[in-house]
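What TrEMBL records for 1-87, 299-318 is region 'Disordered'. The feature compositional bias 'Basic residues' is assigned by TrEMBL to 61-73. The domain 'SAM-dependent MTase TRM10-type' annotation in TrEMBL covers 88-279. TrEMBL lists Asp210 with the feature active site, proton acceptor. Residues or ranges marked as compositional bias 'Basic and acidic residues' in TrEMBL: 308-318.
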Amino acid sequence: MSSEMLPAFSETCNVERQQDLSEDGEENQKPGLSERFQPISKRQMKKLMKQKQWEEQRELRKQKRKEKRKRKQLERQCQPELNSDGSDRKRIRRDVVHSPLRLIIDCSFDSLMILKDIKKLHKQIQRCYAENRRALHPVQFYLTSHGGQLKKNMDENDKGWVNWKDIHIKPEHYSEFIQKEDLIYLTSDSPNILKELDESKAYVIGGLVDHNHHKGLTYKQASDHGIDHAQLPLGNFVKMNSRKVLAVNHVFEIILEYLETRDWQEAFFTILPQRKGAVPTDQACESCSCDKKFARVEGGLNSDSSEEENRHELDSPQ
């Protein structure tokens, strides 16, 4: 090989070597079969199925929204709500009767909650406000000891709270403007069972979301302040799988429902969520007695069968 051809030959070899290296690098970067075909967990599969279902039903939801808007528009056209002055404004329901009962959410436990629980309490208060506004017998709603993390969270995430109507939001403690003899603290730890609602009283609900970290705290506070206390008659009408500790909005809504129906059982079963596993106490007693009878019968059958087995063993020639 001539000296003139040597540089060209070496250059060609270098180019080929670089191509081989780049191809090897690309092959190394490609995911292997085991990486490409990793098994999907059941949870991931459910998420993918839900996502797919959500995407498939997008147009259907859009169509339903359109139909709902059209239906409401037709209803407004067919039944215009005119006031005496002829203006087209929403009519105030005449069947609403305001109750003199005062219902207080005590927000003095702000320092005992983390931000996550403060946000939950904020949502529960929003629910109470909305339900009281649409109730047939709305109560005199008070939010006391309002400040700290709760007020900050409401200022940041719900600035419209300053325009709320039919609610008394106060930074003071409820004991500063309501007489002690008018107060009744609602707490599940109280030994007193509430049978009737006295609409001349002010009932206090502890604004605390603590996941049972501070058991008996509301009962202790009521006792320390010398305030009467009681618990809703939940055990008289309802059998639950979990403890008899309800969320703030559930207690609030049960009282609103009772003011409308004057029936504790109906109020409980209208408001309590299904996850509580609530059943009427009479049905729970019947199921317990049936279970006991079944257990006795089953035990009797088992004992008979065991006696027969022993008898066969004794009679056998072995």
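Just so it is clear, glycine is given a Cβ too, placed from its N, Cα and C backbone atoms.
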Just jot down the residues in the same chain as Asp210 (active site, proton acceptor), at least 6 apart in sequence, with C-beta under 8 A of its C-beta; none if empty.
Phe109, Leu112, Met113, Asp117, Leu217
For the compositional bias 'Basic residues' (61-73), residues assigned helix / strand / coil by DSSP
13 helix, 0 strand, 0 coil
